[in-house]
Amino acid sequence: MTEDTQTPFHDFAGAAGDYYAKTFLKIQKSTLGKAHINIAATIGSFIWASMRGNWLLFWIGFFIDLVALVYIGASYKFKTAAINVADEIVSLTAAGNSAAASNKTLLLERYENWTGSNFLTAIVIFIIGRLVFGWLADRIYYRQYNSWRVDRSKNSNLRVNRLVLSAVIVALIAPLMLYRSTQFAPDARTCIKQDRAVTEGKDVSFKNRFDCKVISDFPTLFWIDRPDKISYPRAEDGTRFVKREPQTGKKPINLHTYTSGVIENVVGYLTAFYGYFFDGVVGVLTVLLNAVTAIFVGTPWPIMMGGLLVLSYYLAGPRIAIFVGSSLVYLALFGFWQTAMETMSLVAAATCVCILFGLPLGVWVGKSDLGRAIVTPILDIMQTIPSFVYLLPAVAFFGIGVVPGILATVIFAMPPMVRLTSLGIQHVPESTKEAALAYGANPRQLLTKVELPLALPSIMAGVNQVVMMSLSMVVVAALIGAGGMGFLVTRALANSNTGKGVLAGIGIALLAMMIDRVVQKASKASQQ
Amino acid sequence: MQEPTTKPVVEVKNVWKIFGDRAEEAMAAVQNENIGKAEVLERFECVVGVRDVSLDVYAGEVFCIMGLSGSGKSTLVRHINRLIEPTHGNISIDGVDVGGLGPEDLRIMRADKIGMVFQNMALLPHRSVRDNIAFALELRNVDAFTRSELANKVIETVSLQGYGDRMPSELSGGMQQRVGLARALAADPDILLMDEPFSALDPLIRRGLQDEFLALSKTMNKTTLFITHDLDEAIRMGSRIAIMKDGAIVQVGTPEDIVTNPADDYVADFVQGISKLKLVFAHTVMVPVEQYEKENKKLGSLKNCPTAGPEDDLDRLVSLAVDQDNPVVIMDNDAPVGVVTKDALLRAIQGEQ
C-alpha cells in the first residue's frame, strides 16, 4: 500500500481520514463487508450527512427521521383524543346516557389502539431507517469521492458551517409536519363555512384559522360574485337571442365554480349560434358512416365472412387467414356478429377521417418549420390526455350517439398518423430530394414522386396505429352511445355480469388482433 | 486534350457563398473590409463556403475540381444548377444568367441542360432501374413509351443490359453508380455535373468506371465538371484541373501544369506523391546534345541508341531505356535535339529535375 493510493482518500475525507481511507480501499477492492455500517452516520444521520456535504444522504436521513416523527405525532394525537373521549364517557355516564357512552367506549378503544400502533411504528421506522442509513452512508459517500476526484470543487471534508443550511431546511419543514401530525385536519366544508364567517365579521380563533389555511386543503384565496345566468331561448320569429339573468344577492363562489360556469356558457353559446356547423359535421359523418355501415352490417354474413377471409388470405397469407377465420367463427358463434360488424364500421369510418386529415397535416408538419412549431405541441397534449377526456367535448358539442363517438375516436387516433407521416417525410434523405431537384422536379413532383413513396412505410405504420387506436377508443366511446362491442362490455360492467363481460372482452381482443395482423402484414408486403 | 474553343459553356464569375443567418452582412464586410474566414465566423457566425471563385469551362472538356473535404468543391458545383444560391457573383450557362431564371425556367434548364451524378447515387429505392433512369424524362412529362425507349438506349451505353427491370437494391455499388450515370445521360444534357461519383466505390471498380467514363465522354462530347478529392483521379480524368482550398481556387491548369509547376506549397504537397510517368515529357527532362557531349563522351553512332520524340512521356522512355546501356536520344524532325540518361530518367521519376 503506497502513500499515493492513500493520500486522495485523506484529502477528501479530512476528519476521520484513516477510517474512510480503509473503507474506500475496501470498496475499491470489493472486500467491503455485506453488513458494513458507518457508526458515525448511523448516530449522526442527516446532521452527519450535511456536515459531510452529501445532500442526497441528508434528504434520505431527514426523510427517515421525519417519518418516524410524524408517527410519534400521530400517536400523541390519538392519545390526547383518547383522553378527551374518556372525559366525555365519564360525563355521559354521569348524565345517565349509557347508549352514547358505550358508543364512545368503542371509539376510545380504537384511539388507544392507534396510539400504541403508531408509537410502535415510529420506533421500528426509526431503528430500521437509521440502520439502512448507516449501511448506505459509506457507499453513497464513496460516489461523492469519485465525483470529487473529477471535479475538486465538489464538497469534501467535514465542515460544521454546512449545518446552517441543513438547520434552515429542518426548521422550515419539521415543525409544521409535526404540528400537522398532532392535529385532526378540518375538512373543506368546515373551512368554507369558517371563511364565510370571517367575511361576515364573526370572531374566529387564530388556531382555527391557522388550521384551515395551512394544514387543511389549499385555501380558497378569494371569492367571486356569481356570473350572470345566461340562456339562449328562441324569440317568436325563431331566432335565438341571449338572455342574461343577474345573480345578485346570492352567495359568492370560488374560482373553480365560477370558471366552470363560464365554460358552460361558452359551449352553450357556440351550440346555440353555430349549431349549423356542428350539424354539418354530424351530417357529413353520418353519410360516411352510413356508407361504411352499409358495407359491413348491410352485407349478409355469408358474403361478408367469405369476403373477409379471402381479403385476409390475399393481403396476409394463409396462416393469418386461418386465424381470422377462427376469430370470425368465435364472434359468430357467441352472437357477436352484428355488433362486431358495427364496431368494424366505426373503426373504418374513424380511420378514413384520420387518414383524410392526418396525411396532409403530417406532410405539412414534415415540410414546414411553422407547421412543426404549431402542431407538435398540440399532438403532445393530445397524446397525454387520457382517452376518456375526449368524450367530454364530443358530448358537449355533438350530444350523445355514434357521431360524437367517432369524433372522439378521430381526435384520439389522429396523432400517430400525423407524427408518423411527418417522420417519414423528414427522413427522406436530403440527397435523394436534391437529386430530384437537380433533375428539375417541381414541388408537387417532389412530393408525389419522391417524398410520399419514400415515406410510405412510415405512413403505413401510422395507418396501422390509427386502426388500433381507433378500435380501443371505439370501445371507450360506447360510454357515450357509440354502440358496438364496447356497449356489450359497458352493459356487462353496469350489471356486474362477469360472464358476458369476459365473452365480449375476448371478442374485442380477437377483433383487434385480427385487424392488427392483417394490416401489419399488408403494410409490410406493400413495402416490398 | 481539348483546347479552349471560342465561348465557355459554363462561366462562373466571382462567386461567393457564405452560409449563415447574417450572410448578407458578412458579405458586405468581406467586400468592404476584406476580412478573413475566421473573422467572418467570429463576427457573423457565418461560414464561408466558396470564396471569390471564377471559372470558365469550355465545350467538351472534362474539368476536374479537386480539393479535400470541406474545401467547398461540392458547394461550388451546386451553384451551377442553382441547388445553392450564390451570396454574390454570377453563373451563366451558354451565356444565360442562371441566377436570373424564374422557377419554371430553372426547372427546364435543370431537366434539359444539366445531368448530375451524386456520390451516394441517390437513386429512388422504390423504382426499377429503368424508371430511375427515366426519372428526369418523367419529370418533363415525356410519355411512358418514349421514356422507356430512351432509357433502354442509355442502359446499353452504360452496359447495364438486362438490369432494366431490377430494383436498385439488387445491384452492387458500381452498378448503382452506372444507373446514376445513365440517369444523368438519359435526358441527353449538354453538361454533366459529377459530384465525387466514384469516391464511394472500391479501387478496382472505380478504375473500371473511370476508364469507361473516359471512353464515353470522348464519344459523347459532353462538358463535364468532375468533383473529386483524389488527385490521381483528377489527373486521370481531367483535361484541366482546378485545385480548391478553403473555398478558393488555388490553381487551374492542365494535369502537367499542376504536377510540374505547383502554384504554392499546398499544391506541391499534393503533387509530391503523384506518379509522373504519364505527366512529364521528354522535352522537359532531356539534356541538349551539346551539353551531353561536353560532359560525357561523344554520342558517336546513334544506331545503338534508342530514340524517342520530345512529346513522349517518361513511361515510354523507361520502356526504351530498360534493356539498354546507352542513353535515349530525343529526335525532333529526324535530328537529335537532346539526350536522356538513365540517371536523369530516374531523377525525373522521383520528381527532381
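Using N, Cα and C of the backbone, Cβ positions are placed for all residues, glycine too.
All TrEMBL annotations are machine predictions without curation.
Look at TrEMBL and you will find A:340-519 tagged as domain 'ABC transmembrane type-1'.
Taken from TrEMBL, the feature transmembrane segment covers A:55-74 (among others).
Summarising the annotation, TrEMBL assigns transmembrane segment to A:119-142 (among others). Long-range contacts of the transmembrane segment (A:119-142) within the same chain: residues 20, 23-24, 27, 32, 35-39, 41-43, 45, 48-49, 52, 54, 56-57, 60-61, 64-65, 67-69, 71-72, 75, each at least 6 residues beyond the stretch ends and with a Cβ under 8 Å from a Cβ of the stretch.
Packing against the transmembrane segment (A:163-179) from elsewhere in the chain are residues 46-47, 50-51, 58, 62, 66, 69-70, 73, 214-215: each is 6 or more residues past its ends and has a CB under 8 Å from a CB in it. Residues annotated as transmembrane segment in TrEMBL: A:163-179 (among others).
What TrEMBL lists as transmembrane segment is A:266-288 (among others). Long-range contacts of the transmembrane segment (A:266-288) within its own chain (CB-CB distance under 8 A, at least 6 residues past either end) are made by residues 230-232, 240, 242, 349, 352-353, 396-398, 403, 406-407.
For the transmembrane segment (A:295-314), the residues of the chain that approach it from at least six positions outside its boundaries are 320-321, 324-325, 328, 332, 337-338, 341-342, 344-345, 348, 514, 518, judged by C-beta separation under 8 angstroms. According to TrEMBL, the transmembrane segment annotation covers A:295-314 (among others).
Long-range Cβ contacts of the transmembrane segment (A:320-337) within its own chain (Cβ-Cβ under 8 Å, at least 6 residues beyond either end) map to 301, 305, 308-309, 312-313, 485, 488, 503-504, 506-507, 510-511, 513-514, 517-518, 521. Taken from TrEMBL, the feature transmembrane segment applies to A:320-337 (among others).
Outside the transmembrane segment (A:344-365) by six or more residues, the chain places 285, 288-289, 292-293, 295-297, 371-372, 375-376, 402, 405-406, 409-410, 413-414, 417-422, 424-425, 447, 451-452, 459, 462-463, 466-467, 470-471, 473-474, 477, 482-484, 511, 515 with a CB less than 8 A from a CB of the stretch. The annotation transmembrane segment is assigned in TrEMBL to A:344-365 (among others).
Annotation source TrEMBL lists transmembrane segment at A:385-413 (among others).
Residues or ranges marked as transmembrane segment in TrEMBL: A:466-489 (among others). Here the transmembrane segment (A:466-489) has Cβ contacts under 8 Å with residues 336, 339-340, 342-343, 346-347, 350-351, 354-355, 358, 387-388, 390-391, 394-395, 400-402, 404-406, 408-410, 412-414, 416-417, 500-501, 504-505, 507-508, 511-512, 515-516, 519 of the same chain, all six or more residues outside its ends.
The transmembrane segment annotation in TrEMBL covers A:501-519 (among others).
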